[in-house]
Amino acid sequence: MTLVNHSVDGLNLAQGALAVTIQAAMAVSQIVLTLVCVCTLLWTGSVAQDDEDVVVTTEELEEPVEDVVYTSPTPSGNVYFAEHFDDLSNFKKKWIFSEAKKEGIDDDIAKYDGKWEVESPQKNPLKGDLGLVLKSKAKHAAISSRLDRPFSFATKPLVVQYEVTLQEGQECGGAYIKLLSLGKQTADLRQFHDKTPYTIMFGPDKCGNDHKLHFIFRHKNPLNGTFTEKHCKKPKERIEEPFKDKLPHLYTLIVRPDNTFTIQLDNKVINEGSLLEDFTPPVNPPAEVDDVEDKKPVDWDEREKIADPDAHKPDDWDEDAPATIPDESATRPDGWLEDEPEMIPDPNAEKPDDWDTDMDGEWEAPLILNPRCEGAPGCGPWKSPMINNPNYKGKWRASLIDNPNYKGKWKPRRIPNPDFFEDKFPYKMADIAAVGIELWSMSDNILFDNIIITDDLSVAARWAADTFQIKRQKFDKDGDTLWDKMMKSMNYKPGWWALYFLYCMVPVLGYSWYLWKRVAEESLFTRLINYTNEQPWLWAVYVVLIGLPIVLILVFCCGSSSQEKEDLLQEAEAKKTDAVSPDDDEEEEEETEGASSGPGASVNSASKSQLEVPEVETQSEEDILPEEDREVASGGGDVPRSPRKRNVPKVE
């Protein structure tokens, strides 16, 4: 009876420990929620304070900018094609939907019947900003537009740039563009299909876990005039983020007359190299190839080692000896029941009522362990255990020696390659007549925007400043919310948040069960402490149930990256001390020059193109503008001067 009472007390204490643990977890959860709210308010307040400080320290800015303003860009410089999709009437005139059919597949899926629409982005749209959107999935879709004038690969570089927003992410499919070659097959763009000749294919592509950023060009064989696709090496940088973050991304390709290329993602170089060295298959074939007519001689011996012909098997070598033999020194243990079987039919088993002897055969009771063998060392016939045979040597083999007739590994002789050629300037590709988008994707709502083809990198940089940078500024302003930070911390997988929610619900459900089951006890807390001291492992349970939710919530909700902290500290220090920054020095020099040239010289146009372009090496706008544009830029205007000096990437 005493043992039973102790067991009941232990069970009650265990239930009490669980109950108090759950109560503590619930209390801590309320505290954690309060901490989350406080962290959110403090973080929001700090951001607001930073914004307020920026306005105060800018003396020339009379009114803070309330929102990001977008205006359809106008390209400047030498441009072969520029499209922002903001003008629907112009879009209908320039772009042509494909009416072709793919070859070699069923007619019901051969049509290019994918749906295209020009519309605003789904997330954080700018007023007046439209894009070309693929609305359908699992369908072939193609659309194209002719360049203002063909691009010829001569002495200037090719710069191709466009934006892609995978608004629903990407499961399997591409978001690349094709630069169609000049010729008869591209004369009628209504027949644009997958076999239409192109000069360059460029852009992102994904299926499963294979993420690619294509750069493929078609090279013409100077001997026979055939074309072969050359595929660029994969970038070393990781490119998975644009396929899942559902944000606009800028893709830039630069191909230079010196046969070098550069690929940028969001103004960051992620791949570069040479057209001659970094493509598969290589542009130029090998000068020598194996002679297919050459055959290996019959007497050619490729064996490095052979069996020693002078070796002989020893007379005492027994190849038939077994590897193991019975142990002759072993004896049967006392009490071994040799006449008793190890398994016997179950005496309590009964034949089922529905057993059909004709169908199921004779019924036999299932076998069970013989109960008489439980206390004995064994039952059944006794056999000596097996041991290794000391005389076992295995099969005899002669030792190996160097082959005196060895001639090495045979290879066919090398002969001059009859198809060899050397193209030292693969940059000189086929002229480009049009730009086309030909896709098949398992994801819809793929948005293309702000396509530009030029031979001047500074033109593309200004175009990106007037479009992409403004768009990302809008996203950075509206997307810096608690939910966006949580999504980014969870790698854009909200399913993990659902799993975490279920984990947090365990204490709630346990507490509800306890309230239903609990029995009033006056000294529950005291008994819990005593029982926990007797069972120290319970402290680990308390730490996991209470500490883990707190750590996870603080990390995902109130944490910030080290880079953000460093930037905030630098900005705060500059605001407190009014320290002079490099931009301040440049602005003072401009003000001095403006004062000497007249009262209107200190005022510049505050257009969208004055936004900063994030590049490591920058130069001022006046260094890249033509002479006549510099005079206009330094003249008077009615718009107040922007407090930020626009930087444009330096043209290499």
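Quick reminder: no glycine exception, Cβ is built from N, Cα and C everywhere.
Whatever TrEMBL says is automated annotation, not expert-curated.
Of the cysteines listed (CYS172, CYS232), TrEMBL assigns CYS172 as the disulfide partner of CYS207. CYS207 (disulfide bond) has a Cβ environment of 14 other Cβ atoms inside 10 Å.
Within 10 Å of the C-beta of CYS172 (disulfide bond) we count 15 further C-beta atoms, all protein chains included.
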